Structures are given as C-alpha cells and as structure tokens.
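Working notes, structure below.
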Amino acid sequence: MDLLLLEKTLIGLFLAAVVAIAVSTLRGRKFKLPPGPLPVPIFGNWLQVGDDLNHRNLTDLAKKFGDIFLLRMGQRNLVVVSSPELAKEVLHTQGVEFGSRTRNVVFDIFTGKGQDMVFTVYGEHWRKMRRIMTVPFFTNKVVQQYRHGWESEAAAVVEDVKKNPDAAVSGTVIRRRLQLMMYNNMYRIMFDRRFESEEDPIFQRLRALNGERSRLAQSFEYNYGDFIPILRPFLKGYLKICKEVKETRLKLFKDYFVDERKKLGSTKSTNNNNELKCAIDHILDAQRKGEINEDNVLYIVENINVAAIETTLWSIEWGIAELVNHPEIQQKLRDEIDRVLGAGHQVTEPDIQKLPYLQAVVKETLRLRMAIPLLVPHMNLHDAKLGGYDIPAESKILVNAWWLANNPAHWKKPEEFRPERFFEEESLVEANGNDFRYLPFGVGRRSCPGIILALPILGITLGRLVQNFELLPPPGQSQIDTSEKGGQFSLHILKHSTIVAKPRSF
C-alpha cells in the first residue's frame, strides 16, 4: 500500500473514532438497544467476533446474550433474532417495517444496486418485480407445465449413473451430474433450453461464472471493508474482480439466451393463449410494455441462476448425504416407494402426495441442513421496536432460522436426522412457514417463492435415486463427511462426496 493511502487511512481512522464515540454516546442516550458485547470505537464488535458470522457462531452468541442481540460491526448495526416469537415479529407482524434489504458493496455490484427482485429494498420496484416473476416461475400452473421435464431430467441422471462403470464400485461424485440436471430444470422454465451434457461449452462457462459469483458473494473475507467504509480501499482488487465477473455473466445471459429468445420471436406455443410461454417471454413482454428495462431482465436471470439452481442443488446433496449415512432411513423410504407405487413405477410429481415418508425426508433435510440458515437479511428503513428494544433505522436483521429449527428447547433431539418426527410430535409442521420454528423458505412478504418448485424437484430427485440405487459410502468408509461450509447466508456441504450407487433389479 502506498504511503499516501496509508496516511489517508490513519487520518480517517482518527476522525471516525471521534465521530463514533460522539454518535455512540448520543445514540446510547436515545435508544434502548438490544444486549450484546461491548463495542469499541470504529471497529464495534468486529475485532471480537470477526468476519465469520455463520449460523453456528451466531447461535453461540444467542446462548450468551439472548434471543435478540446487537452486534455493532464497524458502522453497521446487526440485530440477530433467535426465537420463534421474534421471528414472527420480523417476518409477519411487522413485515412491512422489517421488509427491506440491506446493501453491501459486493451485492450492490452483482444486483446493479438493487435492480433485481431478491435483494432490492422494499417498495414499488420490489412489488413490480415480484409480480412480473410470479406468473412465469412460481405458480401451480408452472409446476404442471414443467414437472414432466423435471421427471425426464431425473430419469436421465439415473441412466447416466447406471452407465458409469465406476459408480457401483468405487463411486462417483454425483453432484456434478445433479448440477447439470438443475440447470436444465431451470433453463427449461426460463428459456425452453437444456444442455445435452456436462461438456457443453456454454454450460461449462455458466457453471464456472456462477460458481465464481457464488464464491465472491458468499465469502466473509470482504466484510471488513463493508462494515468499515474507510477500509474499503483495501477491497479495490476484490471489487474489481466482482465487477468483471458480473459483466461477463450478464453478457453471457444476454448474448446466448435473452437475445436468442428475442430472435425467435413469436412461436406456435406463444401464439396459443392456452399454453404457458417460457418465463423469458413473460419478462420480455413486461419490458416491451415499459414496466422494466433490459437491465432488470438480466438481473431476473441472475436471481434465478443463484437463488433457484444452487440452493436446491445444496439441499439435494445434503439429502443424499444423510440417506447414505442413515441406511435404515434409506431402506424405509425405498420400502414405502415400492409398496405404494409398485416395482418399476418411477416417482412422479403427483406421486409425492402418496409418499408421506418421502415428504418427511425432504422436510427433515431442510430442517437439519437448511440451505439458507440465516434467511436473506432484512432491514428496517426507519427506527423500529422489536422485543421491547429500539432498533435504529437501517439495521441489518438476521433471523437465525437454523437455530429455530435446531434448538433443543423447541425440538426433540434436534441433532438427529429423524424424518419420523414429522409423523409424531411435529406432524402439523410444514415447510410453508405455518410454524415459526421451521422456516426453510422464510415466510411473509420476503419469503422465497421458489418453494413451489424446490419441494417437488427435491421429492422427484431423492425418490428416484433411492428407488433405483442402493446409495453407499465409498469403499473403506463407514460414512461420508458431512462437514459444513457456511457463507454470508448459505450452508452447503464442505466436500462434494463420492457416492457408491449400486443399481437395483426390479
């Protein structure tokens, strides 16, 4: 770092310290703030808790400070909520007050400062984007239109694994093939397109760019520059990479998918009012009507690439891992499928309603291994009240949904993978947020609308894999490693596991 930058930074630190002390004193008199560790000027609690604000570390802090606590991260207030009652306040009762989204330097780049739907602030733009995205993506009509495609993609996975000579002996990293399946599931909906194989050059570019985007956005390593603006110059190189990745991704979306669809113009299906057009046709209609611009179109595609593909893939991978490590549960699920559907009848989307144990396996996977354990952060635009405390305007609000679903005060032996709980003591709990102890998709205005797609895709995929294979750990291992890797608000398996898949004979 050159001396001029160092000098400016030191001067900035001194001035910020003076301002921070003054502001902290004034605000302390004005507000009754939630409890939390004592902050220091400039850095707040950052030096105490560090960058790694994952769900388990925040759970440890909740055990110390209570169901609501405040972390002062540099110049930002971070409020963490860890009880069903307070989660209900944030997500439902005061859903408008806490319905906005926080900004950070990296997500500002990847979303064009909130031109998307998922990360934009609460208001008219969000309502418009939600409406435009709901019809082509998140309705029962979409499920019925595309469920045959999901079933055929799952069937293709089964056939490819059967053809792999290593899969039944030394094992295969099945995630790679499932990733292609998930891209095809969503690109069918978005563009009426699919990729024939993992070797498809466009698929490889998409996968690489989306992976890099996920790594950059989910990393904790940029937090210091986001929390403490005067340290932001040190992020210059990191943010430059983010901008390059964003621009390359959006150009790929535009050149190979959006513009290609525009060239096709009206097709036979789009002229038939009784048939649902693919999603991009609906979105381009909104652009032609002047409701959104081209950037909004591309950021909708960006949201689906991130929020729909990867999160569902993480959950499928977790489900497979738990079934491998619990062979008795895997066999119980297989027995249910054989008994209800009969030998050779492959699981379809309508069949899921006849398979309660399969539904319970999906729900238990989402409980124990929640893909978005802290949900997407919320924010209050104005000063608010929560749990008897004052919450200053523009505070970042995290709901520790993983702890809500894994707190032994609310769940019987929550550390166990036990689908039976959803037949026994938790028989009334559903994934749609009907119980604030269990919020895998959130609830309320900013809940994840992708629940309507994720649940059937999870059911079809896990059902067909268990139906067609005995899933085992690789030779020499009694179990597969289920160590976690947490991100800004993600939870996925640390190591993509090798799975032995022995075909069954019917």
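Sequential numbering from 1, following the chain as shown.
A Cβ is built for glycine as well, from the same backbone N, Cα and C atoms used for every other residue.
Under the DSSP three-state reduction, Gln218 ((E)-cinnamate binding site) is assigned to helix. Around the Cβ of Gln218 ((E)-cinnamate binding site), 17 further Cβ atoms fall within 10 Å across all displayed protein chains. Look at Swiss-Prot and you will find Arg213, Ser214, Arg215, Leu216, Ala217, Gln218, Ala307 tagged as (E)-cinnamate binding site, backed by similarity to another entry.
In the three-state DSSP reading, Cys448 (heme binding site) counts as coil. The heme binding site annotation in Swiss-Prot covers Cys448, and the record cites similarity to another entry as its basis.
As annotated by Swiss-Prot, transmembrane segment applies to 3-23, with the evidence given as sequence analysis.
It is 19 Å from the Cα atom of Ala217 ((E)-cinnamate binding site) to that of Cys448 (heme binding site). A separation of roughly 18 Å, to the nearest angstrom, links the Cα atoms of Gln218 ((E)-cinnamate binding site) and Cys448 (heme binding site).
For Arg213 ((E)-cinnamate binding site), the number of other Cβ atoms no farther than 10 Å from its own Cβ, over all displayed protein chains, is 22.
Summarising the (E)-cinnamate site geometry, the residues cited as binding it (Arg213, Ser214, Arg215, Leu216, Ala217, Gln218, Ala307) extend over a maximum Cα to Cα distance of 15 Å. The local packing around Ala217 ((E)-cinnamate binding site), expressed as other Cβ atoms within 10 Å of its Cβ over all shown chains, amounts to 22.
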